[in-house]
Amino acid sequence: MKYLFFALCLYLYQGISEAEVPAEQIPLEAQALSGLPLVEYLQKNQRLFEVTATPVPYFKQRLMDLKYIDQNNIPDEEVEDEELEENNDDIPESYDPRIQWANCSSLFHIPDQANCGSCWAVSSAAAMSDRICIASKGAKQVLISAQDVVSCCTWCGDGCEGGWPISAFRFHADEGVVTGGDYNTKGSCRPYEIHPCGHHGNETYYGECVGMADTPRCKRRCLLGYPKSYPSDRYYKKAYQLKNSVKAIQKDIMKNGPVVATYTVYEDFAHYRSGIYKHKAGRKTGLHAVKVIGWGEEKGTPYWIVANSWHDDWGENGFFRMHRGSNDCGFEERMAAGSVQ
């Protein structure tokens, strides 16, 4: 049975507001740092986040090519949601949907995109899963298939090389997307097909990963034994665009659920372990798309609560916190989401 998913697609350009601060000027010598010298610089020159040395080649396998920063790949129609433009007095200092919607298991789920730049599809599918649950008040619990999007939406981008979250939401609207899940799992139509890289605690070891994975081919059929057909398992929505501000992002998250951010990644992010990330040093390495679920403040520093897609043993149990209000790394410029009506 199709669950009609009416979506509000956001492509958000963030201008300067009263909550924002100017971007920090990074010294040229700091911009050129890499490897251990970069880790040592971060340990000595900033206190917002903890770092640990991470191999950069493996890190790059999980990023998109910089060409996907293209801001022109957006819907033609712009629709302004007047309800989100009302006064902002009711925006709390902190908001975490995992508290309000603790029964929505997808909010706690951290996927593993492996050695594929599929973050644009993985994060979009994850946000869609959350919003279906929130709209149904916890009654509808599904994981939307990132594999269906990354393999079958040929106009969304180039699979494992990268793509646009805004196009992933349009694909949901035009064709519908089936259910999915993690690698080698059952109970859904199209689970993820690329195995996790390396060791992850007591979980099954599938092997190491060398280079970027090839994009799995599109299969318009469900796993053998799954009780639904591919067409009957699809979830649909209606897509359009919304005018943006940081407060509009917050209000939309409170009203509808998580959104997706696309931002420029520098090498210092490769070494993030915990805390509030704010770009401090290192070279530009690619693009990444992530699911933004809420926000908060720690010792006067505002942040976004973000779910990554690099397994739950990365960062803060798969999550990280991103500096809020400074548009660091362009984080607040390009956001997409869908709201259920």
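Cβ atoms here come from the backbone N, Cα and C positions, even for glycine.
For CYS209, the cysteine that Swiss-Prot lists as its disulphide partner among CYS197, CYS218 is CYS197. Disulfide connectivity taken from Swiss-Prot links CYS222 to one of CYS189, CYS218, namely CYS189. Per Swiss-Prot, the cysteine from CYS119, CYS133, CYS152 that shares a disulfide bond with CYS104 is CYS133. When you check Swiss-Prot, the disulphide partner of CYS152 from the set CYS9, CYS116, CYS218 turns out to be CYS218.
Non-local contacts of CYS189 (disulfide bond) by the CB criterion (under 8 A, 6+ apart in sequence, same chain) comprise SER145, ASP148, VAL178, THR179, GLY180, CYS222, LEU223, TYR226, LYS228, TYR230, ASP233. Separation of the C-alpha atoms of ASN103 (N-linked glycosylation site) and HIS288 (active site): 28 Å, rounded to the nearest whole number.
Take the Cα of CYS116 (disulfide bond) and measure to each of the recorded positions CYS133, CYS197, ASN308: the nearest one is CYS197. In terms of C-alpha distance, the listed recorded positions CYS104, CYS209, HIS288 place HIS288 closest to CYS156 (disulfide bond).
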